[in-house]
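**Q** Got a structure for you, questions after.
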């Protein structure tokens with residue numbers, strides 16, 4: 001028995017440990033992301049993505065391209081493998097500085113052998129004068145320059161590594177590719193990215209959040225990137241949760257704030273526990289994170305002319321935004337020509353009323369409004385094309401600190417401050433995007449034209465590092481170009497990329513989330529709407545990556561769902577209540593056949609075989625009258641004589657009342673005619 005056990009163990013050692021075990025059949029992430037890959041991603045991102053950075057495929061090719069190593073170099077390779085794989089920054093520097101080792105030459109091949117330790121890695125700062133494959137004898141060059149003693153053993157790791165992290169275990173497999181630096185946890189990685197000349201724009205893959213029946217006009221993504229709000233012209237707001245969604249991409253809640261009013265704006269609070277909903281009505285609503293109504297602001301008195309004396313807006317809202325720092329403050333703009341600052345703890349009245357400066361008296365609508373990054377300035381776009389900025393300070397009022405009379409030639413649809421407070425972007429119906437320097441607002445720094453815009457909610461968005469900014473375009477009737485997402489360089493003020501989002505739908509709202517590193521773009525028309533999410537699996541995090549890889553739950557044979565019972569007692573005649581007799585009589589009276597209702601006389605000329613009422617309702621009457629057999633003499637008779645001609649007949653043969661009173665009835669005495677007295 002012992003011999004058989006030894007033989008079995010010997011045979012078992014020849015097979016891998018996973019032999020005989022059935023692995024779970026899972027769809028690899030590569031196939032999932034290939035299914036969501038955009039068809040034009042390669043052509044679109046060719047000008048935007050930095051190709052100098054190594055990818056996962058190139059790094060794996062380099063790893064597979066390593067030759068068989070000699071015994072003299074295994075120790076040096078093991079020292080590299082023992083480096084910390086969990087430190088991406090250190091690993092990236094090692095991949096850039098060290099590179100692959102020099103190919104060793106075995107004793108069987110021609111050429112001199114390498115004597116001594118291997119040469120230093122390229123890029124370490126040591127200049128090798130002898131580039132030929134000559135033997136290296138003596139101490140190893142390199143080092144920090146502090147000591148001139150010869151180095152014994154493998155080469156030192158590159159500077160900047162921590163000795164404590166070197167004992168985490170050997171790294172198995174090819175070296176990891178450097179992680180995407182667009183979304184970093186430190187400012188050092190951002191500085192390194194700024195030094196590179198290329199852009200890492202997440203455009204390779206795309207998913208669509210559907211559900212709306214009209215164009216999506218409002219978009220809001222919370223600060224953590226877990227929930228998305230989309231509002232549409234179909235009067236509804238849909239809520240999406242990346243953590244709870246599967247690959248079907250369905251919303252978990254649908255709201256209708258005001259019946260019959262379009263959604264014009266959505267904004268999360270700084271703590272992401274509440275959100276603001278702005279519709280075409282005069283009252284804004286506040287909801288909690290789960291979509292439950294917390295309150296709505298009061299509506300003002302429309303018969304008061306001075307807007308500062310009203311408690312709220314008196315016309316439809318156009319825009320609204322939550323304060324970026326204070327969780328109790330909200331800014332709204334309206335068609336009544338005012339901006340108002342609200343306190344969410346008091347829905348009955350506003351805190352401040354701002355009346356913009358107008359070139360002519362009257363009420364001009366305020367089409368858009370926004371806060372700056374610190375919440376110390378407010379910008380408003382006025383219907384006359386002017387841009388006005390107010391600084392929030394002690395004793396401030398409605399007088400703007402910055403006033404640009406002719407900012408645009410049409411209504412302004414979007415304004416956006418930069419985080420440094422030096423740049424202001426504006427978007428308008430006139431098909432232009434203008435870049436303004438807040439220190440010199442007389443003229444725009446640059447104007448980007450040929451950007452058609454047909455929606456009042458078209459906005460502008462910055463990239464996370466604010467090196468780029470982007471906006472959407474609308475579809476024109478006679479144009480063959482669909483809805484585009486145009487990306488521009490802020491420093492060079494030039495077009496970087498033009499991304500085709502939809503061939504038939506217009507792009508309205510756009511956003512570039514800093515934590516997810518994903519681009520959101522809302523599209524739609526009169527019949528359909530959706531939200532496109534652009535991402536890249538190599539540089540994006542969470543968000544769309546979470547829900548796309550989560551397959552829907554499979555139906556089990558043990559699943560049971562009770563079918564609902566529909567109670568409809570009047571579906572069959574057996575269960576119907578007998579109608580009352582009153583209703584039966586009314587029904588019979590309405591039926592001309594059952595009620596034997598006579599035919600009504602015809603007014604005017606006859607039709608359908610009937611003669612008009614002017615010559616008799618029956619055909620026989622009409623013929624007798626025409627032949628003279630029936631003569632109508634009542635028009636020529638005296639009514640008194642017509643009655644008295646029956647007096648002799650009534651006296652001789654009384655029938656009704658006269659026989660009962662014959663004995664007691666006095667003799668009637670008739671008045672004599674006046675004509676006889678006059679003749680006498």
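Every residue number used here counts from 1 along the chain in the order it is shown.
Backbone N, Cα and C define each Cβ position, glycine as well.
Just so it is clear, the model here is predicted, and its values are computed rather than measured.
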**Q** Which of these ranges is annotated region 'Disordered' in TrEMBL: 543-577, 578-612?
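**A** The listed stretch tagged region 'Disordered' in TrEMBL is 578-612.
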**Q** Using TrEMBL as the reference, determine which range in 639-659, 660-680 is annotated region 'Disordered'.
**A** 660-680
**Q** By DSSP assignment, list the helix, strand and coil residue numbers for the compositional bias 'Basic and acidic residues' (586-599), in that order.
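**A** When I sort the residues of the compositional bias 'Basic and acidic residues' (586-599) into the three classes, I find 5 helix, 0 strand, 9 coil.
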